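Data block below; observations after.
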There are 2 protein chains.
Amino acid sequence: MRIILCGFGVVGQSFAKLLESRSEDLYARYGLKPRIVCVFDRKGSANDPSGLDTSKLIDVKKKYGSVNRYSGAFDNTSGTQNINNLEAEVLIEATESNYKDAEPGMTHIIDAMKRGMHVISVNKGPLALAFPSLMELADYNRVLFRFSGTVGGGTPILDFAKNSLRGERIVSFDGILNGTTNYILTNMADGMSFDDALDDAKKKGYVEADESLDLDGLDAAAKLVILANWIMGMKVTMPDIKRTGIRNVDSDEIKHATEKNCAIKLIASCNKELIVAPKAIAADDPLCVSGTLNAISFTSEQSGTQTIIGRGAGGIETASSILRDLIDIRNESTKT
Amino acid sequence: MRIILCGFGVVGQSFAKLLESRSEDLYARYGLKPRIVCVFDRKGSANDPSGLDTSKLIDVKKKYGSVNRYSGAFDNTSGTQNINNLEAEVLIEATESNYKDAEPGMTHIIDAMKRGMHVISVNKGPLALAFPSLMELADYNRVLFRFSGTVGGGTPILDFAKNSLRGERIVSFDGILNGTTNYILTNMADGMSFDDALDDAKKKGYVEADESLDLDGLDAAAKLVILANWIMGMKVTMPDIKRTGIRNVDSDEIKHATEKNCAIKLIASCNKELIVAPKAIAADDPLCVSGTLNAISFTSEQSGTQTIIGRGAGGIETASSILRDLIDIRNESTKT
């Protein structure tokens with residue numbers, strides 16, 4: 001199975017390492033022999049039809065800030081050039097999310113699908129802006145489209161709702177889908193000011209380069225779009241979400257909540273309307289998790305409410321979700 | 001798909017109602033047309049090869065305390081007679097659990113498998129005492145054996161661990177697997193004595209007829225056996241569990257725990273050893289749920305710790321788990 005990997009940041013590197021360390025086991029247990037034939041980043045590409053060397057890739061990236069000197073000479077082939085010329089079965093899109101035009105990820109995904117490649121995206125941008133049409137494009141081109149890592153990182157939230165609850169009808173859900181804002185709100189509940197809590201989160205490396213993605217609820221909203229489409233069968237995109245971030249949550253509000261044995265959390269909810277907004281949650285509600293944890297409660301017709309809690313992000317967790325998608329693609333594509 | 005239903009208590013009745021209410025949807029979505037051709041309880045049987053009438057069954061059971069007068073005259077055919085003579089594709093075992101010899105459920109399951117029927121068990125007894133050999137028997141007879149409802153009721157814990165985490169290695173887990181003891185311990189933490197808390201739980205109908213199943217950790221241990229076999233690939237049965245119940249948990253111990261921001265919970269854990277015992281858990285650990293809730297935290301190699309929380313039992317929740325197993329059997333058996 002030949003793979004083109006778009007982006008070689010924390011997630012891309014973790015995934016390459018994971019593939020290497022699990023290679024024997026993957027072949028033994030799933031008959032899966034993946035090899036990364038191309039990696040590219042903003043500045044250029046690294047190619048090898050027989051499979052790239054992970055350690056060398058990581059060394060080159062560290063030394064030069066790009067994979068483009070992998071074979072010695074500069075290789076400044078662009079992502080789209082690679083996608084449109086190379087032979088591969090799977091494209092993994094792991095460039096940065098943005099919610100303006102979702103580029104370059106959007107073009108990578110569209111081009112790959114048109115060329116008949118299965119696509120795994122951990123980039124939320126294209127899904128947030130165009131989930132319904134990307135799904136259609138995948139169907140039309142008879143390729144599989146997977147994105148487990150976009151919601152919950154290593155915690156298989158999408159799979160749980162879609163598969164483990166089969167035979168059930170999920171009627172609504174509420175989630176804490178952004179670990180950074182949860183960390184800030186948890187610290188504020190412990191007495192910190194918003195500014196101090198934000199600074200602390202920045203120091204720990206929890207905040208996106210564009211802090212608006214966290215603070216204004218864009219990241220949570222993107223995940224809500226994905227959940228609403230995938231689990232509830234809605235056909236919605238970013239503009240369908242009513243969104244309020246945490247910038248206006250003040251210490252008084254948090255104090256009042258604490259007095260009532262509640263906590264203010266940034267909740268993404270799907271219950272007739274799609275809303276991301278700060279909300280008071282009872283402290284003994286399983287949904288009410290602290291720190292950088294993510295949590296989501298699904299309410300279904302027969303089985304009541306079920307909550308799943310886990311770490312939201314992190315390179316290795318997201319890498320493990322890509323691997324799960326890859327195994328899924330391997331199983332699904334050999335079926336037909 | 002013809003079904004023999006063993007036992008017609010709360011779960012059996014909920015399942016029959018659920019099948020009826022979902023029949024159109026089940027056919028449309030899964031091509032599934034289940035009909036219950038035989039139900040039996042301790043006192044006799046009800047039969048109809050073209051499918052029994054649910055409302056009538058429930059009326060008869062209510063009126064006479066047994067289904068044996070369904071067709072007017074007494075039908076005192078025994079369970080094993082039915083299983084060994086009737087034609088059916090699936091047996092659903094929903095009689096009461098016991099951990100001495102697991103009868104009559106054990107015989108029902110064995111006889112059905114030998115006759116080539118797929119088996120769904122919500123009865124934990126046979127699994128706790130003979131999981132490895134029942135699995136072998138199912139394999140040998142090429143039938144499917146499902147038991148989603150035995151752990152977590154409507155909460156698909158087994159499925160989550162087995163399927164949603166595929167590609168991952170679960171290295172250990174800890175769970176609160178018995179809602180009744182959790183309810184008692186929660187009330188004790190709120191200041192009640194053990195005896196008062198037990199009385200309260202009895203009044204609410206949470207305690208098994210044989211209270212030892214809850215209080216001495218037998219129910220939790222049975223679930224631990226099932227999890228260890230199914231998820232960790234161990235070949236263990238009830239005697240392999242080190243088991244301590246909650247009878248000796250005293251108010252002082254609970255007070256000390258509360259002072260340290262912890263709570264005493266009956267924890268079933270799998271980490272080299274298999275243990276059921278009361279243990280202090282940090283109040284902000286996602287595992288630390290209150291009331292009758294169940295929770296389980298799986299720690300896996302790459303994805304960190306993931307917790308799943310839900311109501312443990314209840315007729316309708318368990319019925320929905322049987323339905324999930326039925327859909328699973330339908331999908332699996334049409335594959336081959």
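Placed from the backbone N, Cα and C atoms, the Cβ positions cover glycine too.
Unlike curated records, TrEMBL annotations are generated automatically.
Keep in mind the model is a prediction, meaning the values are calculated, not measured.
Positions annotated as active site, proton donor by TrEMBL: B:LYS223. Annotation comment: TrEMBL describes B:GLY7, B:PHE8, B:GLY9, B:VAL10, B:VAL11, B:GLY12 as NADP(+) binding site. As annotated by TrEMBL, NADPH binding site applies to B:LYS124. Annotated L-homoserine binding site per TrEMBL: B:GLU208, in sequence order. What TrEMBL lists as domain 'Homoserine dehydrogenase catalytic' is B:156-327.
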Exercise for the section: According to DSSP, folded down to helix, strand and coil, what is B:LYS124 (NADPH binding site)? Expected result: helix
Exercise for the section: Measure the Cβ-based neighbour count of B:LYS124 (NADPH binding site), defined as the other Cβ atoms within 10 Å of its Cβ. Expected result: 26
Fill in the blank from the handout: Between the C-alpha atoms of B:GLY9 (NADP(+) binding site) and B:GLU208 (L-homoserine binding site), the distance in angstrom, to the nearest integer, is 13
Exercise for the section: Provide the number of Cβ atoms within 10 Å of the Cβ of the residue listed as 'active site, proton donor', excluding the reference atom itself. Expected result: 26
Practice task
Compute the mean position of the Cβ atoms of B:GLY7, B:PHE8, B:GLY9, B:VAL10, B:VAL11, B:GLY12, which form the recorded NADP(+) site, and then list in sequence order the other residues of that chain whose Cβ is within 8 Å of it.
Solution key: B:GLN13, B:SER14, B:PHE15, B:ASP41, B:ALA94, B:THR95, B:GLY315
Completion exercise
Cα of B:LYS223 (active site, proton donor) to Cα of the residue listed as 'NADPH binding site', in Å and rounded, measures 7
Fill in the blank from the handout: Fewest C-beta neighbours within 10 angstroms among the binding-site residues B:GLY7, B:VAL10 belongs to B:VAL10
Practice task
Among the binding-site residues B:GLY9, B:GLY12, point out the residue whose Cβ has the most other Cβ atoms within 10 Å, with all shown protein chains included in the count.
Solution key: B:GLY12
Practice task
For B:VAL11 (NADP(+) binding site), just count the other CB atoms lying within 10 A of its CB, please.
Solution key: 26
Practice task
Write down the Cα-Cα distance for B:LYS124 (NADPH binding site) and B:GLY12 (NADP(+) binding site), rounded and given in Å.
Solution key: 15
Completion exercise
Cβ proximity for B:GLU208 (L-homoserine binding site), under 8 A, sequence spacing 6+, ordered by residue number, returns B:THR180, B:ASP214, B:ASP219
Problem - For B:PHE8 (NADP(+) binding site), the number of other Cβ atoms found within 10 Å of its own Cβ - result: 24
Fill in the blank from the handout: CA pair B:GLY7 (NADP(+) binding site) / the residue listed as 'NADPH binding site', Å rounded to integer, equals 14
